[in-house]
Amino acid sequence: MFFITLISGILITISSNSWLSAWMGLEINLLSFIPIMSNKENIFTTEASLKYFLIQALASSVLMFIIISKSLFESMFSIISQYITNIMVVSPLLMSTGAAPLHWWFPSVMEGLSWMNCFNLMTIQKIAPLMLISYTIKLNMFLYSIIVTSVLIGSIGGYNQVSIRKILTYSSINHIGWMFAAMLMGEDMWIMYFLIYTLLTLTIIYIVKPMQISFINQIMFMFLENKIIKFLMFTSLLSLGGLPPMLGFMPKWIIIQYLTHNSHILISTIMVTLSLITLYYYLRITYSSFILLNSQPTWITSVSKNNPNMISIMLTSLSMFGLLGSMICFNY
């Protein structure tokens, strides 16, 4: 029931024609996600849900205050430059998405959630605020600063992390920066990027969730009995990092082409350089699992050697060969 109202809140927000109805949709979405996050058997989920509620309540309050002030004091806001007004409206939405530099709550909340709730927080919960940002944000230095800051924090923040959740968190912040860059091209491009990111994240979550993997040192022992699942896992990771010729590289390639063709050479160079650091996270995980040898631990969940998960195989195959299919579609 809560998931239905959660989706309803998103639909209300993205289809609204006024800020008040958009705000109501955000609140419905928030109040629906809090019960989904909570788990009586795990105290960390309660703490994470409380943190998430406080942050989202703060962002919603600031957004509502700005909306009411803009309506009541329209003459005053007409004096303020459009640039300042844009920053005031977009900032609470950036906090809702966890974009840098308003990302401080994101890693700690992710650490207390189950894997499926992590997936919801990294993908579904970003739809409504990202859509509002795409409606509102203008092409200016503020957008460029958010792009560079998100890509920078997402790359540097996860450099020495050992928690898989935090690595995916900072990778998500990095991808948010790329989504903002995709907004320069239009609504269709950033939605396509978001869908590809959602697919790749779902693939990884679907593989690690049954194994109860949370840290890199656990990955050293992961899938010792099933080499196929092990290969699928790290193919998905490298695709999420944007390694060609996999599916995750395709939207980044299109964005880089757009930026270079529109004389944004500096920002495209910065984004590509910092994304290489993000790719290093996944290469480090791959090295830890394939190169380092260790004995089988007692806590590992056994996976049948002869029955690799068919859904995992299908999702990973799509991430591997999606770029080839996309290139064929674009050429024709």
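In case you wondered, yes, glycine gets a Cβ from its N, Cα and C as well.
Automated prediction, rather than curation, is the source of TrEMBL annotations.
TrEMBL annotations:
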- 16-278: domain 'NADH:quinone oxidoreductase/Mrp antiporter transmembrane' (DOMAIN)
- 52-73: transmembrane segment (TRANSMEM)
- 85-106: transmembrane segment (TRANSMEM)
- 141-160: transmembrane segment (TRANSMEM)
- 190-208: transmembrane segment (TRANSMEM)
- 228-251: transmembrane segment (TRANSMEM)
- 263-283: transmembrane segment (TRANSMEM)
- 310-328: transmembrane segment (TRANSMEM)
Among 85-106, 141-160, 190-208, 228-251, which stretch has the highest count of C-beta pairs below 8 Å with the transmembrane segment (263-283)?
141-160
Tertiary contacts of the transmembrane segment (141-160), as residues 6+ beyond its ends and Cβ separation under 8 Å:
83, 86-87, 90, 94, 99-101, 103, 107, 166-167, 169-178, 180-181, 183-184, 267, 270-271, 274-275, 277-278, 280-281
Could you tell me whether the transmembrane segment (190-208) and the transmembrane segment (85-106) are in contact, taking contact to mean 3+ Cβ pairs under 8 Å with a sequence separation of 6 or more?
no
